[in-house]
């Protein structure tokens with residue numbers, strides 16, 4: 001980020017005055033850098049962001065679709081869903097700061113929740129003079145996690161900008177992220193399955209048992225892992241047509257076991273690739 005862009009960011013801690021437009025309550029217009037990062041760096045919600053300009057024709061076409069999307073998720077949210085924030089960033093005001101790396105407009109991105117709490121540096125601002133505070137802000141800007149967004153948490157939408165495609169995009173990213181977090185929970189010995197939703201606790205316990213009794217003993221055994229994969233895939237194939245509730249529950253556990261096995265294989269592959277380098 002260039003210096004003039006940063007200085008713009010510092011000044012923008014004051015609320016930017018934006019044109020008065022009609023927006024639904026489900027979509028929030030970003031008015032400051034502070035507001036943008038405060039929302040995007042939450043660990044309890046997803047954040048959908050639309051970057052746009054007033055002169056972009058595609059942005060004008062997208063505007064009512066995006067508002068409808070925000071309203072749709074506000075209506076269908078239930079207590080077990082992780083909330084989704086819907087933001088709009090006007091890149092005519094935030095071009096030097098929030099929009100510097102964008103290839104064009106409009107751009108839509110979904111930011112996944114943080115997996116760990118945000119740890120901020122502790123500074124004694126009250127003991128500093130004005131120019132010292134300003135200089136300290138400049139020095140810490142690039143390293144302050146409050147004003148950073150981990151790119152691994154950002155998924156960019158690529159597709160037709162209609163309600164169905166955008167809704168499918170959100171559901172797919174959220175479903176995959178939920179599964180990844182669930183798998184990480186199972187591998188984390190310090191975490192208890194009681195932390196999960198009640199509906200997921202039995203599945204979590206089955207996953208931890210499988211990891212402890214089977215996968216932990218196969219770690220590093222490529223042939224053993226491949227044999228176990230074939231066994232699980234055969235079970236799914238043999239019972240895939242059985243619609244009974246009991247078999248469905250067993251298949252759910254087997255598919256989880258397959259996901260855990262894939263996670264182990266990916267880890268081994270990453271380790272192998274790193275060793276080759």
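Heads up, residue numbers simply count up from 1 along the chain you see.
A Cβ is built for glycine as well, from the same backbone N, Cα and C atoms used for every other residue.
Feature annotations, reproduced from Swiss-Prot:
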SIGNAL    1-22  signal peptide
DOMAIN    27-172  domain 'Thioredoxin'
DISULFID  56-59  disulfide bond
MOTIF     274-277  motif 'Prevents secretion from ER'
Disulfide-bonded residues compared (56, 59) - highest count of Cβ atoms within 10 Å: 59
Helix, strand and coil counts within the domain 'Thioredoxin' (27-172) (DSSP): 59 helix, 24 strand, 63 coil
Reported mean pLDDT - the domain 'Thioredoxin' (27-172): 87
